[in-house]
Ligand SMILES: Nc1ncnc2c1ncn2[C@@H]1O[C@H](COP(=O)(O)OP(=O)(O)OP(=O)(O)O)[C@@H](O)[C@H]1O
């Protein structure tokens, strides 16, 4: 069956700016929508249109026949040149502006470091050469006779033009009298002049010799030394330099476009390989010249269409092999403000994992946290500061990758600002932060329940503190606090109680995953993170177990600064660095596990939220001795300023949550002989044991009382069951909800084992 031709329609009015003709010149075609609809097959299958040059379009009708659409056909691809918006054009140019002041001069620390390095370098070179002057003098003396003969021989050869002799002989052998005569005449003319010059030179030297002979001995020795030096230099064997190198030349190969292309094509990325096969010249484009950038080379590259920076990041080790550099020198980065395929490849001269970053805090007399805390340096050697005021920090990694070392840096920075109230909770019990105990308003180090309860108390107190501060800030006159935020000026007015309060929870998974305190602690932390920022309350959390049980999602979703050292997989990566971080190529899985001495990347991580773009940062390393020195200095500072409070001033901690161990308490009230017991009986006995804790449970009615214990036991994985029994005062036997004593005992054994393993790791 053949369709009726569709009703002719008007094509859209042509763009007046374009000189597009109405004839078809190629490219894909747009058929006016009404025509296309009219030409659709009744069963709804879309038709395929072919543009024709007479202003009609043929439409496959689906039954093998062709319908002709009348009207004007408009092309998708417009002829003529692009007409980019001039402002967009300028903005694009502005993004690629080269800095007027070189990058190393823009940071004071970096400039000082570079100048210091250059100074030391040349001092070393000068010292090295000066100590070797006797050796060089000896060498020159030995070489001087050969130099003398070379000089005299060369002088004679020049004077009598002996270099031309072989050519002249060749003309004789070829029996070419004309050429021979020409060359001989040239030689005679030369020799005539050169004999005069040579004679004058010899005469001058004789006069100089007579003058020197009449000079004091010192001058004579100096002249002799100069002559020996000159002859020594002339007499140098071709393969033996006079001066030794103070610095072995660097083996670092200059990064060139060929090397970069070679390294990208061996990564096994199909998008790159197929683009290279189709268009080897233009598949990988360099958007700026390859330049030196800090202690390394930087190449700005547009990857082939469809290839993302994340694809390349995954193959960093292969790239290192292709570039013949250690892995710690290869730092590919994306710039997705431009597009997903813009790769900034930085190849360092030094392996980052072998670099130990020094902290300026080691020598600082004091520090101002409103300026952020110096944290470490990026692979290019630029100092990186972490802002803490109005921020919260979450750090994570697998064990032994430098979390605690990073926490120490932040704790030390905070301690050196006496206006900061410092609360430290180190929930592993290894004492890594003990040096700062003397500066803390609240301090605990331990993995046992008491330590966890203390940390939970801290969060309860912090929550109250946040609410108090919110009211205090609201009450401040607008001229003092126009932005409703804590400023340095407000922080210094101690009476307002709005000074910075930095609370650190290292190994926080032990708190958030705790069966008794975990849930509430998670709620409190989330509340503090959301509201405390503008009020000067800063939470710093570090965990070695970033999963949803040990790190409530409310925390990982709301924290503002994230630092992720080496982790094993995508889930942990995104828990710390935020959803989609892995997908976007921010992958802390690329770091090598282990400490630097074993070639690992401990101390190196991705920092997100502290700088405009996510950055790889190597943290400054403070060992225990350096931390102790800083802590002692901070203590003296605080003591002088009368800022030692709470724990540091020897006050007893304020206890908010009474400490209790439910499982141990149940075992205490259920004798061994009683294998199974009703919940309600257990609750009554518990209330007798600790009325302040379990009293409210016992006050609950019937089912609620039973349910309370069931709920409290759930986090331990203990299930309740139907238990046959009789009331304690006597009465009829019945089946009611209860527990088995053995289940409690097993849970305690399991918990103790787990704690012992955690303490050992
Ligand atoms: N910034 C750094 N520079 C150099 N080495 C570092 C750095 N940070 C950590 N290290 C090395 O890594 C080791 C482990 O660091 P750290 O104890 O901080 O790890 P961690 O992640 O806290 O371990 P755990 O999870 O077991 O507590 C250190 O002993 C040190 O040798």
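Any Cβ shown, glycine's included, is placed from N, Cα and C.
The following features are taken from TrEMBL:
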type: BINDING; residues: 397, 398, 399, 400, 401, 402, 403, 404; note: ATP binding site
type: COMPBIAS; residues: 1-15; note: compositional bias 'Pro residues'
type: COMPBIAS; residues: 46-55; note: compositional bias 'Polar residues'
type: DOMAIN; residues: 381-574; note: domain 'FtsK'
type: REGION; residues: 1-55; note: region 'Disordered'
type: TRANSMEM; residues: 193-212; note: transmembrane segment
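Structure with TrEMBL features highlighted.
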| residue | record | contacts (Cβ under 8 Å, 6+ apart) |
| --- | --- | --- |
| 397 | ATP binding site | 403, 544, 564, 565, 566, 567, 588, 605 |
| 398 | ATP binding site | 544, 565, 566, 567, 568, 572, 593 |
| 400 | ATP binding site | 593, 594, 595, 602 |
| 401 | ATP binding site | 565, 566, 591, 593, 600, 601, 602, 603, 605 |
| 402 | ATP binding site | 565, 602, 603, 604, 605, 619 |
| 404 | ATP binding site | 426, 428, 430, 432, 433, 506, 542 |
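Neighbour counts were taken at the CB atom with a 10 A radius for the binding-site residues 399, 403; the maximum falls on 403. Among the binding-site residues 398, 399, 401, 402, 403, 404, the ones whose Cβ sits under 6 Å from an atom of ligand 1 are, in sequence order, 399, 401, 402, 403, 404. The ATP site is defined by 397, 398, 399, 400, 401, 402, 403, 404, and by the 8 Å test on Cβ atoms against their centroid, the other residues of the chain that qualify are 544, 565, 566, 602.
Across the domain 'FtsK' (381-574), the model assigns an average pLDDT of 90.
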